[in-house]
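**Q** After the structure tokens below, expect a handful of questions from me.
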Amino acid sequence: MIELQGKFGKDCKIFANTIENEAIGTIQNILNNPVTTGVPVRVMPDTHQGVDIVIGFTMPVTDRVNPNHIGVDIGCGMLCVEIENAITKDSFPDINHAIRSTIPMGFEINQQSLSQQERENLFTFLSIRMEQFCSKFQLAKPVISEEYVSQLCKKVGINETTFYNSLGTLGGGNHFIELGRAESTN
């Protein structure tokens, strides 16, 4: 792990032992910006130089935002799940097969779209999250509905069926699923 400090950002951890010099320079520049004051900055192990920011960069959003840092890695995230059952090295091939046969990766997407009930559940979930986000930043909350998603797809130039069928996929690029063992879950 690499730890960095800048003029304003004093708590930066890069979860990799080596990364490209250009990426280190970009992270250092961001830590020298007031936007990083008093917040933890975490950079994921798959980091590499992007446009104006490194891929894999995370930090809490405060009242300061650099618009050039938003959307570069949008929709990506890291999730750690504690698995109760012990996994042995012998079970890795079976787990790998189960993941690869269940979750579309790369350019692959789901062949079957969400049911109407699944879409309604999605809109309900997104409405709750959007309300929390908009409340935090005092923004007007859009009504999340099929019509809203349809208009958004047209606005960004994505086919609606492709959008819905892409939900629940791993995607391509630097996206990954990793199994690991932690000595502590704290």
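A Cβ is built for glycine as well, from the same backbone N, Cα and C atoms used for every other residue.
TrEMBL entries are annotated by machine, without manual review.
What TrEMBL records for Asp73, His175 is Mn(2+) binding site. Summarising the annotation, TrEMBL assigns GMP binding site to Asn174, His175, Phe176, Ile177, Glu178.
What's the neighbourhood like for these features in this structure?
**A** DSSP assigns His175 (Mn(2+) binding site) to coil, not to a helix or a strand.
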**Q** For Ile177 (GMP binding site), which residues of its chain lie six or more apart in sequence with Cβ-Cβ distance below 8 Å?
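**A** Non-local contacts for Ile177 (GMP binding site): Ile99, Ile103, Leu170.
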**Q** For the binding-site residues listed here, His175, Glu178, which shows the highest count of neighbouring CB atoms within 10 A?
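**A** Result for the most crowded candidate: His175.
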